[in-house]
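Peer 1: Here you go, one structure.
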Amino acid sequence: MRVISNIASLRDVRRSWQADSKVIAFVPTMGNLHQGHLNLVKEAKLKADIVVVSIFVNPLQFGPDEDLEAYPRTLENDRNVLSEMGVDVLFTPQVKDIYSRGLEQQTFVEVPGISYMICGASRPGHFRGVATIVCKLFNMVQPNMAFFGEKDFQQLQVIKAMVTDLSMNLTVHGVKTTRETDGLAMSSRNQYLNVEQRALAPTLYTRLQEMQQKIESGRRDFSRITSECCEQLAEAGFSIDYIEIRSADTLLQPGHEETNVVILAAAFLGRTRLIDNLQVSLA
């Protein structure tokens with residue numbers, strides 16, 4: 001595996017792949033890799049000749065009171081794991097190379113509408129930061145396809161919309177959420193949880209499953225179903241950011257003809273923000 005931190009060097013390698021008509025898959029990450037990330041890599045390896053993984057903790061997607069400085073950085077271990085998996089290139093750019101004119105002078109990519117709702121309402125500017133860095137990385141790597149986890153469902157929809165709107169020549173694949181044995185969605189931030197919080201954390205997924213069962217049983221009183229879940233989670237010790245039932249296609253409020261919805265959730269245990277989602281068919 002080659003480790004490349006220079007954009008020009010990456011482009012040189014990319015040209016050689018292009019000359020050989022290689023199919024290139026890309027997995028962008030912020031590092032501190034867990035099995036969820038590795039499953040993205042596995043999917044990429046199944047579909048492409050070349051797999052590129054990036055590790056870049058993107059300051060543009062963190063709010064002023066969020067965990068940019070505390071975010072776990074485990075580059076040496078990540079490098080070893082990716083090498084063992086047979087990744088072709090690990091791209092590790094620096095902030096000064098990605099944002100050469102500084103964060104304030106940076107050209108931004110913003111996907112209107114979908115970026116401002118749900119998680120975007122709780123974290124203003126977050127999806128602008130995500131769309132900007134992903135667009136820049138796509139321009140650098142120029143992959144044929146890219147892989148993202150469905151755990152970050154709204155992020156996945158933002159990226160798909162950006163790719164469509166900007167006529168980018170690549171396919172975006174969503175990969176099923178990877179969970180711990182007790183159901184907790186894997187996340188690099190789970191390590192912030194203390195012992196008591198970690199024991200409680202899977203309750204979020206359990207409550208979403210109960211919402212799913214209520215909908216599948218025929219209930220369509222989505223507001224009441226959501227309120228019931230919020231009450232149960234609050235009683236258990238969670239601080240609710242949002243629990244929403246939205247169209248899986250548009251993330252808008254479900255219409256009468258909706259066939260697929262997604263339950264989206266974000267809640268805090270202490271200072272740790274957990275997110276999860278479940279898709280539900282109404283057919």
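Every residue, even glycine, has its Cβ placed from backbone N, Cα and C.
This is the feature table in Swiss-Prot:
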{"type": "ACT_SITE", "residues": "His37", "note": "active site, proton donor"}
{"type": "BINDING", "residues": "30-37, 149-152, 186-189", "note": "ATP binding site"}
{"type": "BINDING", "residues": "Gln61", "note": "beta-alanine binding site"}
{"type": "BINDING", "residues": "Gln61, Gln155", "note": "(R)-pantoate binding site"}
Peer 1: In whole Å, how far does the CA atom of Lys151 (ATP binding site) lie from that of His37 (active site, proton donor)?
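Peer 2: Distance between the two Cα atoms comes out at 11 Å.
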Peer 1: Say we define neighbours as other CB atoms within 10 Å of the CB. Which of the recorded positions His34, His37, Lys151 has the fewest?
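Peer 2: Comparing Cβ neighbours within 10 Å for the recorded positions His34, His37, Lys151, His34 has the fewest.
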Peer 1: Nearest to the residue listed as 'beta-alanine binding site' by Cα distance: which of the binding-site residues Gly149, Gln155, Met186 is it?
Peer 2: Gln155
Peer 1: Applying a 10 Å Cβ distance cut-off over all chains shown, what neighbour count does Asn32 (ATP binding site) have?
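Peer 2: By my count, 19.
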Peer 1: Within 10 Å of the Cβ of Gln155 ((R)-pantoate binding site), how many other Cβ atoms can you find? Include all protein chains, please.
Peer 2: 22
Peer 1: Could you tally the C-beta atoms, other than its own, that fall within 10 angstroms of the C-beta of Gln61 (beta-alanine binding site)?
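Peer 2: Around the Cβ of Gln61 (beta-alanine binding site), 21 other Cβ atoms lie within 10 Å.
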Peer 1: Sequence gap of 6 or more, C-beta under 8 Å: which same-chain residues meet both conditions with respect to Gly149 (ATP binding site)?
Peer 2: Gly36, His37, Asn39, Leu40, Leu156, Gly174, Val175, Thr177, Thr178
Peer 1: According to DSSP, does Met186 (ATP binding site) fall in a helix, a strand, or coil?
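Peer 2: SS state of Met186 (ATP binding site) = coil.
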Peer 1: Given Ser188 (ATP binding site) and Gln155 ((R)-pantoate binding site), what distance in Å do their CA atoms have, once rounded to a whole number?
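Peer 2: Just about 16 Å between their Cα atoms.
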Peer 1: For Gln61 (beta-alanine binding site), which DSSP three-state class applies?
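Peer 2: In the DSSP reduction, Gln61 (beta-alanine binding site) maps to helix.
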Peer 1: Which number gives the other C-beta atoms within 10 angstroms of the C-beta of Ser188 (ATP binding site), all protein chains shown included?
Peer 2: 17
Peer 1: Give me the count of other Cβ atoms within 10 A of the Cβ belonging to Gly36 (ATP binding site).
Peer 2: 20
Peer 1: What is the interatomic distance between the Cα atoms of Gln155 ((R)-pantoate binding site) and Met30 (ATP binding site), given in whole Å?
Peer 2: 14
